[in-house]
Structure formats: C-alpha cells, structure tokens
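J.: I have a structure here, written as structure tokens, and I will follow up with some questions on it.
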Amino acid sequence: MKRFHVTTFGCQMNEHDSERMKGMLESLGYAEASVREEADLILFNTCSIREKADERFVSHLYDARALKRRDPERVIGVGGCWAQSVKDQVFRDYPFVDVAFGPGQVHKLAEFLTSDSLTAQGFFEFEGFTGHLPGKRARDVHAWVQISAGCNMKCSYCIVPSTRGREVSRPFEELVDEVRQLAAEGVREVTLLGQNVNSYGTRLRPEPRKFSELLRAVDAIDGIDRIRYTSPHPAHMTEDVILAHAELDSVCQHIHLPLQAGSSRVLKRMRRTYGRERFLDRVALIREHVPDCAITTDIIVGFPGETEADFVETLEVVEEVGFDGAFTFIYSPRRDTEAAEFVDEFVPHEEQVERMERLVEAVQRRARERAQRFVGRTLDVLVEGPSRYDPAQLRGRTTHNKVVNFDGLAAPGEIVAVEIATATSQSLTGSESLLSRVA
Ligand code: 5AD
Ligand code: SF4
C-alpha cells in the first residue's frame, strides 16, 4: 500500500483543504505515513500570505528533494496558495516537483495519481470546492465547513484574491445537509469557513441568501452546540449577524474582526472599504447586543506610507476597544499586489519592528485586563484533550475561544463547567466544577 504525508501551512481554510486531501487519498487506497521519510507521496499545502510563509515552506521543499534523491520513485506534490502564485515558474525553479495545484484543484491530484503520465503537471483553474471531497477529520467532535471559496475584495496588501480567485458560495441546502450529516457522526462544534465568510450567499441563484440565515439554519440542527466562523469582514458585519450571536444558543460569544489599521487614511490605502469610525461603530453594536462577546483582530504595522501619527491611531483603537486577543503582523510586500508597488513609501524595517513592539505591549496588556472578567466565573468548556503544559491537566475552550487549562476528569468532546481561577492575555486556568458532575 502506498503512503502519503501532508504538511500544512497557513490558515484554517488550508487545514480544511488538507483534511479533504487526506480523505481523497484514502479513498484512492493510500494510507497516511506518520513521518515524511516513510511516504511515497510527499505533499505540501502551502501559504503565501507573508514572505516568511514562503521562506519556511521552501526549506521544507528542499528537505523533500533530498528524500527524493534517495528514492527517485517518490512523488512530490505542492498545492495551495504558494503553488498558485508561482504557477508560471514552479516547474522551472523546482524541477523535482511532480505535481502542482492551486486551492481550487485539489481533486486534480487524484487525476494525476491515477493517470499513467510521468511528466510533471500543474492545475490552476478553479474547478470546485474542496468541501465536496471526502473528509478526514483531525478531531472527532469538531469539523470545518467550507461555505465559500475565493474573495472579491481588493485589499491592496493581500495575495489571496489572486490565489483563491473570485468568491463563489456553496448552495445553502447542501451546507445544511452537510452539517446535519456531521452532527449525526458526533460532531458538536463546526467552524464555517470562507475568505470573507459573512458575505456568503449574496450572489447565490435562484435565491440569494444571507450569512445570518445560514447561522440560523445550522443552529437549528440537533447536536450542534457550537458554531464558529472565520474570517468575517467588518464591512459585512451587519446587525443581523451580530444579533445571531445574541439570539442563537450555539453561535459562540466570539467575533474575529480584522481591524488591520486604526487610521482611516491607511485603511483607505489598504482598500478596506471602512474607516476607523465605522469599525468602532461595529464594535459598539457588538457590545450593545452581546456584552460578553470576545472580540479578536488582525493588525498590520508598517504598511507603506504609515506615519507615526497613523500608527498612534492604531494604538488608540487598541486601547479603546480592548481586544481579547490579536494577531499582529509586519507588512510584507506580496507579488502582484497593489501595495507592493508603493516602494517609495516603504517603512524602514527598524521602524516597523519598533512599532510592532509597542503594539504587542498594548495588545497584551488590554487582553490581560479583559480576561480578568472571567476570574471567579464558571464557564462551559469543550474539552480538547490533555493540557500542553501539564499532561495531568485538561485543555479546552470556552465559547469566547479562550483556552482553559484545568484540573478535571472529563473526556475529550465533553462540555463541562469549569471554575476559572486565573487569567493571562493568552489563557485561563481553573478546575472542573464538581457540582456539574453531580448534576
Ligand atoms: N503583510 C502582512 N500581513 C498581511 N496579512 C495579509 N496580507 C499581509 C501582508 N502582505 C495579514 C492580515 C490578514 C491576516 C490573515 O494576515 O492581517 O488579516
Ligand atoms: Fe495563506 Fe491566505 Fe492562502 Fe490561507 S488563503 S493559505 S492565509 S495565502
């Protein structure tokens, strides 16, 4: 029996796509190898969001080349966003690659593997949702559900519209059926995935759909206790979506709302389609309807032309909102994006690093302060497994997506009440409430 090994880089959509890749390979009769060295088929699901992602991946690719030199029968496949973005050069620059495919052509890998062709092949036209392929879930009680592919926004820093193409939504009923099937298999938590998840459905025919309608339909499915989604765009964060968090039990008390920058001038040059006030107004609406909702974000520092005054505006928004957490990035120019051409205005690297340090300090301090509201409360925690720090403890997540390391007896997949004792910017600690066991 042939064996495959997949290394995944990048976002949750890539994790989802890799699960589908694995499911598809198993249906072709392949088995998963635990280490790359033992695989006949070495696959990479790649990311190209920042330069660092590229660099990390390429060193793995050379590792695969070394393995192929030892055993030339090995097949090396490269899928995902990096592959898509270098489609014209991939076979020239990396002649040891046998097959390359973009995020919308994962099924073509099967065609390649079952054909007699010995020549290298690339597949780069969008053909279908990976969500249609058989799945192989990493966790029993959690599933990714791909609700759309691609992105129609034009954020000037972002490579994704060019790697994942125009936005296409999957049919509403098909998604509801898929989640119903997952619930029947024991899944309790689903994460709805799209590059711009809350613009779902607007162009569906014959009947356009709203993202909030999908949340309602999924909430109504028996057995689904938690619904998460990522990533939404602030411009499409309409009141009906926010109300879904207030009114539907299973929609989690967490919204990831990517800010990117706090200065309206920078946001405009990023082509984000909202300004500082509109973002703050979305936050106010969330806090009005869902007061306990955790809000996390993504922020880029050192975007071309960002002045000290612009950056201070980002710090002000961070102070004012008090995010529960944030992913922070130094701007990285990407091939074929508009902002990569603003070369004259690139912010010197030392300045970017200095701003990043100030940003991280503010983000962490505010997140730590915000997390104190959980201390002394008893929160429902979905158990994931042993704690990464102390195997005698358990690890799980609250509805706010906060990681909790706690003492307890629960099994993975259970939702248990945990009394919260301490809180840092990153995680909580506590112990399982014995009362909840008796009940
Ligand atoms: N440089 C730095 N960060 C970026 N992101 C996207 N493109 C870039 C880039 N060129 C960040 C954004 C996005 C997150 C997934 O990655 O903050 O929300
Ligand atoms: Fe990376 Fe973006 Fe592609 Fe996800 S969509 S894999 S983050 S480039």
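Just so it is clear, glycine is given a Cβ too, placed from its N, Cα and C backbone atoms.
What TrEMBL says about a protein is an automatic prediction, not a curated fact.
Just lifted these from TrEMBL, have a look:
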BINDING   CYS11, CYS47, CYS81  [4Fe-4S] cluster 1 binding site
BINDING   CYS151, CYS155, CYS158  [4Fe-4S] cluster 2 binding site
DOMAIN    2-118  domain 'MTTase N-terminal'
DOMAIN    137-369  domain 'Radical SAM core'
DOMAIN    372-434  domain 'TRAM'
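Each of these features: where is it, how hidden is it, and who are its neighbours?
T.: Taking Cβ-Cβ distances under 8 Å and a sequence gap of 6 or more within the same chain, the neighbours of CYS81 ([4Fe-4S] cluster 1 binding site) are GLY10, ASN14, THR46, CYS47, SER48, ILE49, GLY102, PRO103, ILE159, VAL160, THR163, ARG164.
Within the same chain, residues at least 6 positions away in sequence whose Cβ sits under 8 Å from that of CYS151 ([4Fe-4S] cluster 2 binding site) are VAL160, PRO161, ARG164, ARG166, GLU167, GLN195, ASN196.
Residue counts for the domain 'MTTase N-terminal' (2-118) under DSSP (helix as H, G, I; strand as E, B; rest coil) come to 57 helix, 23 strand, 37 coil.
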J.: Relative to the mean position of the Cβ atoms of CYS151, CYS155, CYS158, the recorded [4Fe-4S] cluster 2 site, which additional same-chain residues have Cβ within 8 Å?
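T.: These residues sit around the [4Fe-4S] cluster 2 site: MET153, LYS154, TYR157, ILE159, VAL160, PRO161, GLN195.
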J.: Quick check: which same-chain residues outside CYS11, CYS47, CYS81 lie with their CB within 8 A of the centre of the [4Fe-4S] cluster 1 site CB atoms?
T.: PHE9, GLY10, MET13, ASN14, THR46, SER48, ILE49, ALA53, GLY80, TRP82, VAL160, THR163
J.: With DSSP, how much of the domain 'TRAM' (372-434) is helix, how much strand and how much coil, in residues?
T.: 4 helix, 33 strand, 26 coil
J.: Which of the listed binding-site residues (CYS11, CYS47, CYS155, CYS158) has the least company, meaning the fewest other Cβ atoms within 10 Å of its Cβ?
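T.: Counting other Cβ atoms within 10 Å of each of the binding-site residues CYS11, CYS47, CYS155, CYS158, the minimum falls on CYS11.
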J.: Where ligand 1 binds, which of the binding-site residues CYS47, CYS81, CYS151, CYS155, CYS158 are close by, with Cβ under 6 Å?
T.: CYS158
